[in-house]
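Annotation source TrEMBL lists transmembrane segment at 21-39, 51-71, 83-101, 121-138, 150-168, 174-190, 195-214, 313-339, 351-372, 392-414. Among the features that TrEMBL reports, compositional bias 'Basic and acidic residues' is placed at 424-436. Positions annotated as region 'Disordered' by TrEMBL: 424-443.
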């Protein structure tokens with residue numbers, strides 16, 4: 001018996017902790033594309049000074065993000081429970097402060113400037129939701145598998161708390177939190193009967209969208225005016241008109257525009273970029289100008305006309321400059337991240353590591369797909385940065401932290417062998433409340 005124990009100890013010591021190179025490759029490719037395309041798309045952001053000034057700031061944030069990835073990669077994922085306890089109150093405080101005192105961007109309070117640094121609340125809140133749900137769903141797993149009732153209620157409580165905090169800071173942020181939260185619930189083993197309830201809620205949401213579209217257009221002029229405000233360039237002044245009710249006309253106008261013609265009708269702006277359909281119009285023109293093969297980096301025609309081309313519509317610029325091939329490569333990187341996370345997650349021995357890596361991957365990939373859908377006209381216009389690529393310090397740092405956590409799980413939860421991935425039993429290293437087995441929803 002003692003010989004068997006000694007053998008197990010020797011075997012455990014032979015485990016070689018290595019990070020997943022597929023995740024690293026996707027991350028590096030996206031960062032390289034980011035440097036090229038942000039430099040090209042920042043022509044409207046040029047002011048007095050060096051032509052390299054906009055990209056210098058962006059590269060600094062990318063390097064800071066790389067440092068965050070390298071640091072978190074080498075921290076055992078069991079310690080991220082402490083990160084969760086720190087992130088939760090800070091993210092709530094930031095969301096409240098931004099809602100009350102934040103700068104208005106596109107008609108909604110989205111950021112606050114502190115010490116010359118613009119901080120957004122949406123990205124930290126999404127990140128924190130994944131940390132909280134991963135812990136709660138692992139903590140409240142049933143012995144026979146699946147989520148307990150308490151875990152489900154707490155999960156919905158976390159989701160609705162952050163949705164309420166962000167609803168006035170952009171409807172798409174609230175939508176992404178609900179989407180990622182529901183997907184994590186399914187992974188954690190949400191009972192099938194509750195899936196029916198979930199799909200019913202989806203049907204009600206779709207019905208609400210259709211009602212907004214077909215409920216009458218007697219106030220169309222006001223809706224168009226609201227949309228014009230929503231899509232114009234960043235207004236640095238603080239506004240008091242960013243409440244939930246006053247955002248409804250903006251959302252309705254965008255949904256009306258989205259449910260209309262696939263390619264927006266051209267309207268010559270009387271004042272540059274203040275026409276209601278300018279963003280969708282110039283994004284469509286950028287994609288068309290690429291002609292599938294691309295015009296080459298630095299040769300974009302629409303980046304000087306498309307508002308926030310370096311952030312909210314950078315995928316349209318990628319399609320214009322790098323063509324369909326470049327766009328597909330970027331898309332495959334995000335798909336590769338979530339697929340590889342799924343492969344690693346299925347081999348993890350415990351629920352916490354599975355939910356951590358899958359939650360972070362879903363947060364990154366769902367936001368990326370949402371951004372791409374907006375850029376190509378498949379989804380209503382809304383401000384969502386493209387992870388690792390769009391210009392924006394908060395987004396880059398938070399998404400880099402998410403990637404660092406994923407790499408930590410790939411390093412300490414699974415072993416990379418010649419035969420493939422193999423889960424590492426870490427029960428003796430994890431706190432007692434995080435030792436639940438891999439949830440049945442993934443296996």
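Every residue, even glycine, has its Cβ placed from backbone N, Cα and C.
Long-range contacts of the transmembrane segment (121-138) within the same chain: residues 80-81, 83-84, 87-88, 90-91, 94-95, 97-99, 102, 110-112, 147, 151, 154-155, 158-159, 162, 165-166, 169-170, 173, 176-177, 180-181, 184-185, 188, 350-352, 355-356, 359-360, 362-363, 367, 394-395, 398-399, 401-402, 433-434, 436, 439, each at least 6 residues beyond the stretch ends and with a Cβ under 8 Å from a Cβ of the stretch. For the transmembrane segment (21-39), the residues of the chain that approach it from at least six positions outside its boundaries are 54-55, 58-59, 62, 65-66, 69, 297-298, 310, 314, 317-318, 321-322, 326, 329-330, 333-334, 336-337, 340-341, 387-391, 403, 406-407, 410, judged by C-beta separation under 8 angstroms. With respect to Cβ pairs under 8 Å, the transmembrane segment (83-101) is most closely packed against 150-168, considering the stretches 150-168, 174-190, 313-339, 351-372, 392-414. Contact between the transmembrane segment (313-339) and the transmembrane segment (174-190) is not supported: fewer than 3 Cβ pairs lie under 8 Å, counting only residues 6 or more apart in sequence.
A contact links the transmembrane segment (392-414) to the transmembrane segment (51-71), because at least 3 Cβ pairs that are 6 or more residues apart lie under 8 A. Outside the transmembrane segment (351-372), and at least 6 residues removed from its termini, the chain residues within Cβ reach (under 8 Å) are 77-78, 80, 126-127, 130-131, 133-135, 137-138, 141, 172, 176, 179-180, 183-184, 187-188, 312, 315, 331, 334-335, 337-338, 340-342, 344-345, 379, 382, 384-387, 390, 399, 402-403, 405-406, 409-410, 412-413, 426, 430, 434, 436-439, 442.
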